[in-house]
């Protein structure tokens, strides 16, 4: 060993930059946007990312002789310039599948976005996309139910699901919370939702909320003859408490529960998804904290990666932004990660931000949830953008109706059904949106009032995180 081992430090690119490498079908591929420190060659920066996110460290170590480094190392196989950015570049890295525990999104992210993000040779680093190989996808549970099964359980077909978040999201007692749920569901919504930060606070303990909500859901079902539901947030201080809440929701015969998957963590989320699969429950996923990670265009993790990871970890619905509402997200980027939630195969398409072909095989799809600053005037655009396999959630756009939540729900239901009918008749619903809504309002005073109330409300701000295309 003494003859073969050369102690010291050598450049990362000598080992981890391999431009002649052809990725294998079983490799996990990642695209990083890198901005190195001044004077550090691109090849060295890219190789450092490959090394520090796989087998490498800053020094040559004797124990490398005990490992087949050529088999296990990550390899930067391509570098591309970023359009319109003279400092940043894309590094494409291939990782052998044996570096990762089967079915563990936690383990994948610990490697790819772990210590390397604090590396001094980098000014900025962003994980833009991942190509998960089919060999890894087959080890993941994925959505507990998926789009088709969820529609069957809710008996909703041919249109998006319609919902809302209960407002005010904090401060209501359990009984008053249940009352608001009932008003929304009897007014015409399919589903209502806990907000992401409702857990079990002093003003409203979780068990009290669950009981009053269950009463409201069942009463609304009896009155309307429709299947109704409410996303009961089971996110908790410990996994044990999370499962306790999920079990109680099942005892109450509720169809769907909810989890904050980023703040709760992927280990907890995968466990809860497995529980839902075994117990016949639907799982709604909120993305609270995502913008801390994904909004900066130079540093962090793009939401398309977080969306892919959620589909693998498990969830039947995921918040994706709205394009037209109050939250960040342009149309093409949003469509790109919605495709990765719902489709069985998504081709590389830089105009949608997809850097790789992604084959999902037979893994069920995830409903895209549009929520945040939307109202009846947005309905035609939302239907055109998100299509039928989505859930449109109007919080303030329901409860802010001058006649109350039931009237707000009715207005949204009439608007949605009018847009679906117009689309099915071949009309261009975005171009004819005003005419479609005003025609429907002639037969719905609730919609007429909603259109008047929200006519001046727009969220026209430039997108911070734009696609890097010329």
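Each Cβ is built from the backbone N, Cα and C atoms, and glycine gets one as well.
Because the structure is a prediction, the values reported are computed rather than measured.
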Among 200, 362, 371, which residue does Swiss-Prot annotate as binding substrate at the site that also has 115, 165, 169, 287, 319?
371
Running the recorded positions 167, 193, 195, 196, 286 through a 10 angstrom C-alpha radius around residue 319 (substrate binding site) leaves 286
Other than 193, 195, 196, which residues of the same chain sit close to Mg(2+)? List them in sequence order, counting a residue when its Cβ is within 8 Å of the Cβ centroid of the site.
165, 166, 169, 194, 197, 198, 231, 233, 258, 286
Within 10 Å of residue 287 (substrate binding site), Cα to Cα, which of the recorded positions 167, 193, 195, 196 are there?
196
Relative to the Cβ position of residue 319 (substrate binding site), how many further Cβ atoms are located within 10 Å?
23
For residue 193 (Mg(2+) binding site) and residue 165 (substrate binding site), what Cα-Cα distance in Å is obtained after rounding to a whole number?
5
May I ask which of the recorded positions 167, 195, 196 is closest to residue 115 (substrate binding site) if we compare their C-alpha atoms?
196
